[in-house]
Ligand SMILES: CSC[C@H]1O[C@H](OP(=O)(O)O)[C@H](O)[C@@H]1O
Ligand SMILES: Nc1ncnc2[nH]cnc12
């Protein structure tokens with residue numbers, strides 16, 4: 001599918017959409033290029049497709065690969081985020097299929113979360129800042145409030161009887177790939193979890209380290225296993241994702257229209273995150289302790305980093 005496309009693109013691409021389960025491509029868009037940059041952390045999950053929206057380039061990346069061949073713990077999130085940054089991306093809208101932990105979040109509803117509980121198990125590489133360069137970024141608010149506001153403004157793009165876009169909520173990001181036990185599902189509810197997935201992390205942490213504004217949009221496909229209705233299985237997720245992908249398409253179009261307005265240019269360029277990670281790194285490891293290989297990797301993310 002990507003074979004005949006140009007492998008270079010001559011303009012920076014500032015906005016990316018990451019698609020997950022059941023959203024391996026964005027319907028209605030014809031790619032104009034397929035980029036596959038090699039980063040210090042390897043290649044992205046799939047070639048990054050460049051799509052045109054009203055004459056503006058937008059990047060699309062399939063998180064689990066073109067054929068959904070990467071399990072959640074195998075997604076090369078560092079390469080994905082670094083590759084997107086290298087082509088100019090400063091804002092990411094990331095889609096995710098999720099289980100609902102709340103009665104009022106029905107399958108086919110969408111949620112724009114504002115918090116995460118980390119239930120991954122430390123088996124996924126989760127930072128750019130290691131191996132001789134230490135950095136600690138703030139992560140109190142893991143998503144981008146400015147992008148969330150833009151998504152909220154586009155809620156009317158959602159179609160379907162009773163289908164809702166919920167603002168705010170807590171994503172529990174579990175390790176997987178097996179679904180939760182009933183005891184775990186109930187525990188997450190007692191912790192205040194709204195929805196559950198296997199993909200919010202380390203993606204959101206790495207975006208923050210890369211000074212990229214990042215907002216996840218969760219698409220409910222099931223009630224996990226706490227509810228009296230049927231327990232989640234893959235068939236159920238895929239069935240609901242077929243419907244959700246239509247709403248994702250409507251919502252993406254509206255969100256891109258909004259983001260591409262002149263008034264949102266600073267937001268899209270993540271001016272509000274600029275310098276945050278760079279400060280977090282430069283003050284930590286003293287020059288004599290820095291590993292040149294690690295410094296080179298940071299330079300890939302932030303060209304000119306060590307000269308400034
Ligand atoms: C097939 S259900 C579990 C799978 O679906 C979600 O994927 P994504 O977040 O990429 O849409 C969830 O996180 C799991 O990876
Ligand atoms: N119940 C669930 N648990 C984890 N990830 C999911 N993705 C979709 N449904 C899910």
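Cβ atoms are placed via backbone N, Cα and C, with glycine included.
When 8, 21, 30 are compared with the phosphate site residues 63, 64, 96, 97, 199 in TrEMBL, the one appearing in that site is 21. Averaged over the domain 'Nucleoside phosphorylase' (15-256), the predicted model reaches a pLDDT of 97. In this record, substrate is bound by 198, 222, 223, 224; the longest C-alpha to C-alpha distance in that set is 15 Å. Proximity to ligand 1 at the level of Cβ atoms, with a cut-off under 6 angstroms, picks out 96, 199 from the binding-site residues 96, 199, 222, 223. The Cα atom of residue 21 (phosphate binding site) lies nearest to that of 234, taking the recorded positions 180, 222, 224, 234 as the candidates.
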